[in-house]
Amino acid sequence: MTSITSVELNYLVFRYLQESGFTHSAFALGYEAGINKCTIDGNMVPPGALITFVQKGLQYLEMEANVNNDDVDVDEDFSFLQPLDLITKDVYELRQIIREKKKNLHKERDMDKEKDREKEKDKEKEKEKEKEKEREKDKEFEREHERERSRAREKDRHEREKESEKERERIDREKDREKHQEDPTDRAVQADNEDKSKVKTEENGSSGGPEPMDFSMASTSQTCEIPNSDVLILEGHTSEVCACAWSPTGSLLASGSGDSTARIWSIPEGTSRSGAQNVNMLVLKHVKGKTNEKSKDVTTLDWNGEGTLLATGSYDGQARIWSTNGELKTTLSKHKGPIFTLKWNKKGDYLLTGSCDKTAIVWDVKAEEWKQQFEFHSGPTLDVDWRNNVSFATSSTDNMIYVCKVGETRPVKTFAGHQGEVNCVKWDPTGSLLASCSDDISAKIWSMKQDKYVYDLREHSKEIYTIRWSPTGPGTNNPNQQLVLASASFDSTVKLWDVELGKLICSLNGHREPVYSVAFSPNGEYLASGSLDKCINIWSLKEGKIVKTYAGNGGIFEVCWNKEGDKIAACFANNTVCVLDFRM
């Protein structure tokens, strides 16, 4: 019987999803099935191959009844056919192939019997040769193993030398910096350069107001690197860590990983110098027994406002609610696909989840049951965000944004305008403006007072992955500061926007790879950004420059500040979570 391998089937499904326009699903399958690593030549597979296979299957049911009228096993007939024949030939041609090959088969069988007898003789000789080869291989393997050990020792020694060299350079830089600080002439030169820079900006400016500025990491000194003594590395996850969040009330940090667990870390007060030995960790298992089941990936998590309950969303379509001591309180099951996003409302009585099954569900946490399911999108739900305790926005791969309300059976507002998947939606601190960002390279500002967007923000050159409002302006703890929107893009920049004018304030150009996450400090004075270039940059929004930076050992999926604003957590693709001490 002609068989098809799981790799070939995965590739056919991947091609089908791509050709049908399901790009998000294709990306997810391609990533998990490792399509980019398979050896299949895509040029050999015609468009619509999967559908062709299914259609041909119906034809073969007919063939089953017609090809053989005797008692010979029908599987034998199909063994003459190749997968490419099945796609490109019709039923009549396939019958011809089978008849031709059957004639040849009898001849070949007689010849095979003769060959088999000869082979038996040769087999004995071959066995002896194989044994000899195996013995030789074992010796070679042992020699190679010894060479590997030597290389590893040499590499280790080289790495240690490099580390020592770096440490010496760092100490030298520190000394130079101290000298510069003492030398008033240097400060005068620096001030002069800053004046020149200002003059240049004014010359380039237009009569309509100042031009947005580009701030690059090149202008920052290497001395702003966060020392290892101010970094706490939390190890324990066995797969990439894709989500992290500080408790809004205490020193607890939650992380979610592809290893089917979430973890709650108790981070000690003060500096990280005390080390990881003082960190207590609770493991929240999403599967009994072995971890690393891909269906149980923890994709998203969120603390309630009081910091007493942690909600986690998983690839198995279930939301779970945990206490701070790691006890599973509730499992919420209704979605028919992975949960990509979840949020508590401010009051803490409802939990909102968005899923790949195209729906959003509001759960009554106290009753431990679903309150209402919202089925408006025609594609997977990518993000959700509460406007108030009963109203929220959802975004999807279908390019649409819906504002929904508990108890209402239709959206209270529909925002159409994006030309690509809408990755993120966020309400401003007062709930009057909604920001969104998309694969169409734009961010948009929407108001409940009108159907069309208020502003179309187009300065990025690639997809915008996420957005965040600053904790400033009306309705925040920093009411006298300007409200700002930050957008992070695959073009490796972060851009800050004046939402009153709909204009770019400045572009922060410190990363070399896509930026997946941004977070404002609680006082609104700093912005942390995390990128696939393995770096966390902390920007002073007043000065528009990097004031601190840290290079880790894996791509960064999320960054977040604690409530005091003196620690930043980041989760990495190399299975770790880092906590940085931030003091200016």
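Using the three backbone atoms N, Cα and C, a Cβ is placed for every residue, glycine included.
Since we're looking at a predicted model, the values are computed, not measured.
Taken from TrEMBL, the feature region 'Disordered' applies to 104-220.
Taken from TrEMBL, the feature compositional bias 'Basic and acidic residues' applies to 107-186 (among others).
According to TrEMBL, the feature compositional bias 'Basic and acidic residues' maps to 193-203 (among others).
The annotation repeat 'WD' is assigned in TrEMBL to 234-275 (among others). Same-chain residues lying 6+ beyond the ends of the repeat 'WD' (234-275) with a Cβ under 8 Å from its Cβ atoms: 281-287, 291-294, 296-303, 305-307, 310, 312, 314, 322, 324, 326, 554, 557-558, 560-563, 567, 569-581.
Summarising the annotation, TrEMBL assigns repeat 'WD' to 291-323 (among others). Within its own chain, the repeat 'WD' (291-323) is flanked in space by residues 32, 238-239, 242-250, 252, 254-262, 264, 284-285, 329-333, 335-344, 346-348, 351, 353, 355, 357, 363, 365, which lie at least six positions past its ends and keep a Cβ under 8 Å from the stretch.
Feature annotation from TrEMBL assigns repeat 'WD' to 332-373 (among others). Non-local neighbours of the repeat 'WD' (332-373) in the same chain are 25, 297, 299-306, 309, 311-321, 379-386, 388-390, 392, 394, 396, 404, 406-407; each lies 6+ residues outside the stretch with a CB under 8 Å from one of its CB atoms.
Sequence annotations record features per position, and here TrEMBL assigns repeat 'WD' to 415-456 (among others). Mean pLDDT across the repeat 'WD' (415-456) comes to 97 in this model.
Per TrEMBL, the feature repeat 'WD' maps to 457-507 (among others).
Among the features that TrEMBL reports, repeat 'WD' is placed at 508-549 (among others).
Distant neighbours of the repeat 'WD' (415-456): 23-24, 379, 382-388, 393-397, 399-403, 462-469, 471, 473-476, 483, 485, 487, 489, 497, 499, 502; these residues of the same chain sit at least 6 beyond its ends, with a Cβ under 8 Å from one of its Cβ atoms.
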